[in-house]
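All remarks here apply to the structure that follows.
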Amino acid sequence: MATIVRQNGLTPIQETNEVKSFLKERGIDYDHWKVPHNASNLTDKEVLVDTEKEELLKKLDDRFETLKAKEGYQSRDLIVLHPNVSGLNEMLAKFDKVHYHTDEEVRYIVDGSGVFGFAFKDEKFLVHVYKDDFISVPRNTNHWFYLDDKKRIKAVRYFQDMSGWVPNYVEETNSLD
C-alpha cells in the first residue's frame with residue numbers, strides 16, 4: 001500500500017482510503033490492484049528476458065483491456081529495474097528531475113517499490129508506491145520519480161500516445177523543503 005510523505009514533518013498517510021482521498025483531491029488516480037498469484041513465478045525473478053516480460057504482461061492483460069475500453073489506452077510495456085541493469089543511474093537521472101508530460105503517466109507496480117514526488121503550486125509531497133499499487137499522474141502535472149534504497153521495481157507502463165510521454169523539464173527543486 002502506498003504511503004504519502006508530506007512537507008514540514010506532517011504525519012505520513014498510510015491508510016488506503018486516506019491515500020486515495022488525498023490523491024484524488026489533487027487529481028491523481030490511485031488504486032490497489034492485487035497482482036494475480038499465477039504471476040508470482042515471474043514477479044519474484046530479478047531479471048526477466050523479453051519472452052518472460054511478454055508472458056507477465058499477458059497475465060496482467062485484464063487491467064490493460066479495462067484501461068483500453070474505459071480510457072483509450074493503446075499500448076503497454078513492462079519496465080524491470082534492479083541494481084544490475086546496465087546504465088541504471090543514468091536512466092534514473094532522467095526521471096528524478098521535476099518534469100511533466102502532455103499525456104498521463106500511468107503505472108501498475110507489480111513488484112518492488114519506488115517514489116513519485118509531486119510539486120503543486122503550494123504543496124509538495126512524495127508517494128511511496130509498492131507492489132499492487134496503481135497510480136495515474138495527470139497530464140501537465142509536475143512530478144519526479146526515483147527508486148528507493150532497494151533499487152528494484154517492475155512496473156507496467158500504459159500509454160495512450162507515446163508522443164505525449166516525452167518529459168518536459170521545469171525549473172523546480174524535487175526537495176520537500
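Residue 1 is the first one shown; counting continues down the chain.
Cβ atoms here come from the backbone N, Cα and C positions, even for glycine.
For reference, Swiss-Prot has these:
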{"type": "BINDING", "residues": "His99, His101, Glu105, His143", "note": "Ni(2+) binding site"}
{"type": "BINDING", "residues": "His99, His101, Glu105, His143", "note": "Fe(2+) binding site"}
{"type": "SITE", "residues": "Arg107", "note": "site 'Important to generate the dianion'"}
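If you measure from the Cα atom of Arg107 (site 'Important to generate the dianion') to that of His143 (Ni(2+) binding site), you get 14 Å. Within 8 Å of the centroid defined by the CB atoms of His99, His101, Glu105, His143, the record's Ni(2+) site, lie the Cβ atoms of Tyr100, Val137, Thr141, Asn142, Trp144, Phe145, Pro167, excluding the listed residues themselves. Neighbour list (His143 (Ni(2+) binding site), Cβ cut-off 8 Å, at least 6 residues apart, same chain): Val98, His99, Tyr100, Glu105, Phe116, Gly117, Phe118, Ala119, Val137.
The local packing around Glu105 (Ni(2+) binding site), expressed as other Cβ atoms within 10 Å of its Cβ over all shown chains, amounts to 23.
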